Amino acid sequence: MALAEAVLRKVHKLGLVPKIVRLLPLMAAAMVIASIGSLMYLGVDGQYRNVYISENALMPSQVMSYFRESEWNIVRGYREEVSKLEDEDLLVRCAVVEGWFKKLGYVTSYYDDTLYAILHAPRGDDTEAMVLTVPWTISKSDDDEFNEGAIAIAVSMARYFKRMSIWSKNIIFTFPKDAQALRDWVEAYHTTLKDTAGSIDAAIVIEYGKNGDNFEYIEVDYEGLNGQLPNLDLINTLTNIAYNEGIHTSIQGTSGEELVKNTYGTRIRTLFYGLANLVLTGLKRKSGGCEAFSGWQIQAITIRAKGTKGPADVTQFGRLIDSTFRSVNNLLEKFHQSFFFYLMLSPKNFVSIGTYLPSAVLMALVFALSSLNRLIRDPKTVENISNNISNAIILYTCVVAYSFMVGELLPKAVLSDLVSAEVVPIYGMIFFLLVQIAMPSKLRTFQAPYAEFLHAIFLFHISMLIIALLIVHFALALFIALIALPLAFLSPVADNNTFKGYLLIFLANPFTVVFTIDKYIVPDGGIAYGLLTSYTKLQCWTWPLLIWGYFPAWLGIAFTHCLTGTTDPKK
Amino acid sequence: MVKPLPRNALLASFDFEIASEPIELRYWNSTTPEQEQYGPEHFTFFSKAIAPIIQQSNARELHLRFTQGWWDSDTWGALPKNGLKSGGTGVEVLAVIEAYDVKEAQRNWFRLSKALSGFFCASLNFIEPAITTYPQYKANDITSLHYIQKPGNKLYILRAALPSEPICTENLTPFLKLLPTRGKAGISSLLDGHKVFDSLWHSMAVDVTSVCDDTQDNNKCHLRMEQSVTAIVDVLRSLRKHKEGGIPRPVKGDELRCDPSKTHNPWQCFPLDDPVDLKWNLGTIFGRNIKGQAFSGNIRSSILGLKVDSNHWKTQLVKHKKSGSERHDIVGNSIAFYLDDDIEYDVSFETANGGINVAPIEKPPILLSRALTGYSQDHGGLRTEITNPSNSSMDFVYFETLPWFMRLYLSSMVVSFENETSSYTIAGIDGSTHIKDIYYKPAVDRKRPAQIELSISLPPKLTLLFSYEFDKSILLLDEYPPDANHGFAIDPAVITIIDDNKRGIYEVRSTSLVLSLPTPDFSMPYNVIIFTCTVMSLAFGSLYQLLVKKVVTEEEFEAASVDSGIKGLVSRVKSKLGKRKRDTVTEEPQKK
């Protein structure tokens with residue numbers, strides 16, 4: 001035990017333990033900085049990697065796509081007919097498009113209002129499929145722009161695909177009216193649908209509005225629900241094909257000059273927009289559509305044509321789809337190579353999970369250290385644990401039970417139109433604040449050791465939540481860590497009944513955060529409504545994780561704070 | 001037989017019938033030497049290659065199916081030959097084997113499948129107990145044999161399917177070799193692998209039966225072989241390939257067929273449907289002409305049949321004689337004629353609107369579809385839908401076999417019925433009056449598959465839906481396929497419509513399914529081993545050092561090392577030697 005013993009002896013001699021204990025809050029703060037810093041550092045050269053095609057079978061851009069020349073006339077021919085459908089009723093539109101598909105020899109069918117058509121691969125074994133989804137309207141436009149170009153392209157592609165005998169997977173075309181309809185269709189496909197075409201390997205959602213014959217670049221959405229991402233190979237395949245077609249690819253809303261720029265600034269911007277979008281997927285009213293395929297082992301992306309001036313032309317958009325399908329068609333296995341957990345810095349750069357995970361781990365450590373700090377700062381806290389533990393467990397259980405109740409009831413109330421989703425966060429903010437301030441002093445009976453102990457428990461709860469979440473849904477884990485951050489620096493005794501105390505708790509209130517995002521960060525995004533309903537409608541876990549995971553901790557700390565006696569019993 | 005179908009498809013089926021001379025069917029005993037059991041035998045036209053295989057495995061019947069593609073029953077109607085000659089996706093083998101017990105039947109079955117595997121270039125050697133079934137519903141179909149087996153012996157029906165087997169030209173070549181013409185004459189001369197397999201759907205069948213004469217000696221039997229190739233050819237694609245080659249290049253601008261009622265200019269074109277006014281002949285579709293009759297001089301050896309709507313189709317028989325080609329109009333909707341000359345034949349087809357007007361399409365008597373449900377790695381579900389579109393009640397047997405790694409829960413079975421207006425659901429199959437009988441043989445891990453046979457009587461215009469759940473097993477390391485794979489193929493389900501005598505009169509199969517099992521990332525154990533070893537060695541090394549190492553000064557070390565190790569030994573030796581030296585040195589002066 002020679003050296004280890006020597007070190008321990010030295011630690012004792014220098015009295016490092018109490019020093020470290022005193023430094024715990026400082027260390028927590030340092031970890032916050034380290035965490036954010038490590039994320040920011042990802043954009044520095046050498047920290048990120050260049051994308052590459054991992055699955056050899058994909059071979060993107062290796063074949064000549066013949067969706068060109070006279071196919072252009074056909075796209076234009078269909079587009080004029082499609083444009084006549086804009087003012088028609090959904091069912092009329094569907095009937096016309098169904099007629100075209102029937103004439104091409106496709107098997108067509110409906111699920112609710114969603115039209116879909118299947119191309120059974122010639123000589124295929126009918127066990128696997130690829131999906132081309134064409135929503136009737138563009139998702140990222142303010143006035144529900146008619147998805148005219150994409151429908152025309154889809155019908156022309158259907159005609160073009162039919163001529164080829166190389167397909168080994170079936171091709172399904174779907175025409176949903178919105179993201180919800182698409183989600184319902186995907187679910188029905190795997191449960192009750194009558195006309196099916198085998199398991200879906202990949203799906204592409206296309207949006208090409210009234211851009212006309214030309215577009216400038218493509219925008220790719222890839223975020224799925226619950227932190228799920230499509231296999232990186234699929235995105236790489238597309239960007240590779242686009243590169244060979246001479247089309248710029250935009251991710252996370254980069255535009256203009258940024259398309260060709262690759263600087264630290266653009267990378268970090270893309271990274272953080274990507275994280276934000278991952279948190280908000282499923283909550284936004286207007287979504288890319290590809291998240292509808294989440295959870296069914298389907299790799300899905302959305303491709304959107306941007307701009308009207310060129311240089312790319314409409315058949316090139318078709319060639320992107322054609323070549324991507326040809327690549328997926330080559331696959332002998334399901335997508336399994338490459339990465340499922342990654343953050344994009346640009347279409348050509350990414351960081352994989354091993355590189356970015358430490359920042360969330362550091363965040364979890366912030367709460368673990370703060371929890372430890374609350375527990376051992378005052379020796380009395382530890383001494384009194386045996387007296388307080390049963391009360392603490394009861395309180396903890398109550399808080400969790402209450403959160404479950406709120407988590408269950410609020411979405412029900414919103415879905416049955418009893419409450420408007422927009423006012424829920426406002427109520428949540430004001431109600432809890434008022435309750436805290438108006439807490440009669442008679443009830444403020446918690447002793448300091450008990451309060452410190454409770455604080456420690458709830459901070460530890462947050463730490464565990466982040467740890468549990470960080471691999472599955474890194475963005476949400478980081479997001480919860482960030483909104484909970486004020487709680488880590490709150491002292492139940494020192495900050496008791498002070499403005500600082502109330503402010504920190506108010507800031508960490510999940511309802512405050514939802515209100516801020518809903519009102520100011522993503523205005524008109526319908527975030528509050530999305531958050532409250534997405535679990536029921538889309539199986540998006542953001543609401544349960546927030547209200548069953550984080551909310552009990554916040555509630556516990558908020559109430560410990562307002563129930564703690566203002567006067568120190570010693571005095 | 002050639003029949004144009006809607007959407008410019010063409011149904012081409014080739015049937016061959018070969019019978020052997022009467023031979024004595026004997027029970028082949030594997031313990032007796034070959035020479036004692038067989039004398040010289042003459043099979044005439046029957047293939048000498050396959051007869052011994054069948055005889056030595058005591059197979060009294062053998063049915064082989066090689067099928068690929070998805071049958072579009074909406075457009076093409078009922079399956080050709082009532083589906084009795086088409087299999088499910090992949091390869092299917094069914095044999096009736098004479099044996100004294102199951103064990104012996106199995107031995108013969110595996111012998112047979114291994115021999116056939118080499119013969120047909122198919123992975124039939126992968127047939128093992130875990131995929132072999134003993135279908136009950138077939139029992140009524142073998143009585144036509146008139147064969148009386150050796151006393152004490154029984155006939156066993158064994159079946160296996162390999163749904164993931166790709167069918168290609170290498171399977172066609174041995175098929176043609178079975179023919180006495182070797183594909184060189186008669187209608188078989190049209191069979192070119194490149195053309196037959198560039199189709200929308202195709203199926204090859206080989207049926208060998210023993211037909212015995214029940215009036216005379218029971219063991220004098222003919223081996224009768226029926227071979228058939230059926231394909232649905234995409235005429236437009238064949239013509240395009242013929243004209244432009246295999247690459248689907250865009251149509252030239254001036255060849256675009258645009259809808260004149262819509263905007264139509266050099267930059268815009270709303271396309272018309274596929275062309276309906278077509279002119280083609282068998283030679284362009286199959287790449288060659290029919291090379292006369294099968295057997296020179298035998299004018300009844302080859303028949304060519306046509307089924308067309310003669311109001312809209314003009315068909316001509318082209319005879320390529322040495323003196324030049326002659327064209328003869330073919331009159332009638334459904335006709336067949338002998339190819340009675342030793343010249344090359346071709347048939348030309350011409351139509352003005354043949355895409356729509358074809359000879360009547362027979363409606364499929366029953367529709368079957370099956371799909372996997374669920375998505376998780378550990379369990380899933382199967383959902384089957386059977387529709388009776390006809391106006392009369394339909395009696396049929398639903399046969400399904402599931403591999404042992406799908407752990408089935410029959411208790412989770414939900415049955416429901418649907419017609420155009422209403423639907424109702426019942427839990428389990430016992431509650432249904434339409435399901436008459438059920439035969440279920442549960443799977444045994446790695447030994448046998450689960451086998452389900454349902455006897456159903458489905459009223460007209462009714463859809464029967466049933467679903468059940470299963471768990472996915474984790475396989476042993478070496479049971480995973482070595483190469484890249486889509487997943488594990490599940491055999492197609494079979495529906496056999498039976499007549500009053502319980503004989504099969506129509507067969508239809510569902511598509512096969514691909515089941516993805518929880519598959520470990522096989523490079524992972526390797527990574528884990530390397531990582532753990534590295535970490536272990538690093539941690540162990542440094543930790544061990546921390547624990548046992550002691551910091552000492554050089555002097556201390558030297559002092560300690562004096563008495564240990566080699567140095568200690570050396571010093572001990574030295575000291576001893578030194579002692580002696582000293583002794584000798586001290587002794588010397590004394591001598592003086």
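Glycine residues also receive a Cβ, built from the backbone N, Cα and C atoms like all the rest.
These features come from TrEMBL:
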TRANSMEM  A:20-44  transmembrane segment
TRANSMEM  A:350-369  transmembrane segment
TRANSMEM  A:389-406  transmembrane segment
TRANSMEM  A:418-438  transmembrane segment
TRANSMEM  A:458-490  transmembrane segment
TRANSMEM  A:502-521  transmembrane segment
TRANSMEM  A:541-563  transmembrane segment
Maximum Cβ pairs under 8 Å to the transmembrane segment (A:541-563) - stretch from the list A:389-406, A:458-490, A:502-521: A:458-490
Selection from A:20-44, A:350-369, A:418-438, A:502-521, the stretch that has most Cβ pairs under 8 A to the transmembrane segment (A:458-490): A:350-369
Per Cβ pairs under 8 Å, the stretch of A:20-44, A:418-438, A:502-521 packing most closely against the transmembrane segment (A:350-369): A:20-44
Intrachain neighbours beyond the transmembrane segment (A:502-521), with Cβ under 8 angstroms and 6 or more residues off its ends: 280, 422, 424-429, 432-433, 436-437, 483-487, 489-490, 495, 527-528, 531, 546-547, 550-551, 554, 557-558, 561
